[in-house]
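**Q** So TrEMBL says this about it:
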- 25-48: transmembrane segment (TRANSMEM)
- 26-474: domain 'Major facilitator superfamily (MFS) profile' (DOMAIN)
- 163-186: transmembrane segment (TRANSMEM)
- 219-239: transmembrane segment (TRANSMEM)
- 251-271: transmembrane segment (TRANSMEM)
- 292-310: transmembrane segment (TRANSMEM)
- 330-350: transmembrane segment (TRANSMEM)
- 357-377: transmembrane segment (TRANSMEM)
- 383-408: transmembrane segment (TRANSMEM)
- 420-442: transmembrane segment (TRANSMEM)
- 448-469: transmembrane segment (TRANSMEM)
Amino acid sequence: MGGLDALRQCNFLNWLREERQSRKLILFIVFIALLLDNMLLTVVVPIIPSYLYNLDESTAVLKNNTLSQQGAPGAFNSIVSLYDNTVRTSGSNMTTRSADLVPTAPTAAAPPQNSSDCPKANSMLLNENVKVGMLFASKATVQLITNPFIGPLTNRIGYQLPIFIGFCIMFLSTIMFAFSSSYALLFLARSLQGVGSSCSSVAGMGMLASVYTDDEERGHAIGIALGGLALGVLVGPPFGSVMYEFVGKTAPFLILAFLAISSLYIVFLKCMFLSLQTQKGTPLLTLMKDPYILIAAGAICFGNMAIAMMEPTLPIWMMETMCARKWQLGVAFLPASISYLIGTNIFGTLAHKMGRWLCALIGITIVGISVLCVPFAKDIYGLILPNFGVGFAIGMVDSSMMPIMGYLVDLRHVSVYGSVYAIADVAFCMGFALGPSIGGSIAENIGFPWLMTIIGIVDIFFAPLCIFLRNPPGQEEKIAILMDTNCSMKTRSYSTQGTYYQGEDMDPEYEDYD
């Protein structure tokens, strides 16, 4: 039996060695990585503002009770004698008959400071904008710092190992979120998640760009992968708010930790046949000087900055103006999540036909208009249409700009994608780093409506810059290679009736990558 099991295991490993070159398996791994990363990213959105507010309120009440007990007169300054039924006052020789004491009416229990579920617009609630904003921004800030190192690293060692490390760090961060009960530990867990996200997102997008060399296929594949991101954003806030309301803070993070450790097994088997990258890519600084890459990165940054500003400030604004319950704080983001999922799947393919520059231009403009409409909502139902517009438009921007980053490298630089997707991830992180930190301060000082007005106007003014991406110049020999590659890929696709290529059918660039 032992020999039979060993044979089965050997056959399984041989199958895995063959399937490791399957583009479907690679796409699935990237999909799962983005799904779990963004579920953890957004599951905290409805939990953290309410949890920190309750934590600070409990601390303040405990502090006030301690001070009142210290300032009150001694609890035992009157002593009742059971022998002669007299009352003696400590510190004096005065004695009174208990019968002479006038019974005092029982004082009614003081009502709680906040008897309703509606937090008052006090300084404590306003201060939560800054604390929550800094906590949310910590992940993106750390990811922003880590990305310039992860991008060139993937150019040297390949993409599998960084994805595996990203899953491990994601699991550790999730466990810390589950059992942290202080602001400092939550801040550390959120920052640690930034390192894992940098590994998984940069390596994942670079891997997809390497195995999908045809521009149209690459856009479709990245659209599917961004569907994992969208699904994580879709499920995260309502999942977190419902679990927090009816089960507790720990439950949603334990479930995510279980999903992460389960996915680690697949990624581990994928990494068993690790090989080094052999082709040297364009230096990161050279890519950062490319104006067309900078415009595409700016579109990603400003498009996502709108939702990044809303994540820490919208729940607090809802608590203040709408008396929103805990579960409503996450459900409010549901329209944006659903529409983002729809947008990435539609425009992953459609953007190639209509022009990715035009898709991004329209998307950023819709983001700006939708954000301007958010402060006019009077209840949670009034947020449905603006949030739907924000999510759908960001889906348009991401599904068009992520593929164009790889296309710009193919057109103007060496076709190695780790560094350029590090730049794309830096742009994404800048939106989610500057958005919550700056947005929290602006909301505290001049109010949430003015915050939405500012970011809406910025998006509308940035949108016309996408026109420059309509026909970016490239090296003539690179253009000829791209045209020849696209034609050969389409011919092979027709001859195989749309099947994926494995073994000898894989693109030569991917064989170098393995």
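The first residue you see is number 1, and the count goes up from there.
Just so it is clear, glycine is given a Cβ too, placed from its N, Cα and C backbone atoms.
Tell me about the surroundings of these features in the structure.
**A** Note on the transmembrane segment (25-48): residues 19, 132, 135-136, 139, 163, 166-167, 170, 173-174, 177, 186, 190, 193, 196-197, 200-201, 204-205, 207-208, 211, 221, 224-233, 235-237, 239-241, 244, 249, 252-253, 256, 259-260, 263, 266-267, 270, 311-312, 315, 326-327, 329-330, 333, 337 of its chain, located 6 or more positions outside it, place their CB under 8 angstroms from a CB of the stretch.
Same-chain residues lying 6+ beyond the ends of the transmembrane segment (163-186) with a Cβ under 8 Å from its Cβ atoms: 29-30, 33, 36-37, 40, 44, 48, 52, 55, 131, 135, 192-193, 195-201, 203-204, 207, 249-250, 253-254, 256-257, 260-261, 263-264, 267-268, 270-271.
A Cβ distance under 8 Å defines the sequence-distant neighbours of the transmembrane segment (357-377), meaning residues of its chain 6+ beyond its ends; these are 296, 299, 302-303, 306, 310, 314, 343, 347, 350-351, 383, 385-390, 392-397, 399-401, 404, 448-449, 452-453, 455-460, 462-464, 466-470.
With a cut-off of 8 Å between Cβ atoms, the residues of this chain six or more beyond the transmembrane segment (420-442) that come close are 129-137, 139-141, 143-144, 147-148, 150-152, 154, 194, 198, 201-202, 205-206, 209, 282, 284, 287-288, 293, 296-298, 300-313, 401-402, 405-406, 408-409, 413, 450-451, 454-455.
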**Q** Can you work out which residues elsewhere in the same chain, 6+ from the ends of the transmembrane segment (383-408), have a Cβ less than 8 Å from its Cβ atoms?
**A** 205, 209, 215, 218-219, 222-223, 226, 229-230, 233, 290, 292-293, 296-297, 299-300, 303-304, 306-307, 310, 314, 332-344, 346-348, 351-352, 356-357, 359-360, 362-367, 369-371, 373-374, 377, 417, 420-421, 423-424, 469, 472
**Q** Cβ pairs under 8 Å with the transmembrane segment (330-350): which stretch of 219-239, 292-310, 448-469 has the most?
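**A** By Cβ pairs under 8 Å, 219-239 leads among 219-239, 292-310, 448-469.
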**Q** Looking only at the domain 'Major facilitator superfamily (MFS) profile' (26-474), what is the mean pLDDT?
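**A** It averages 81.
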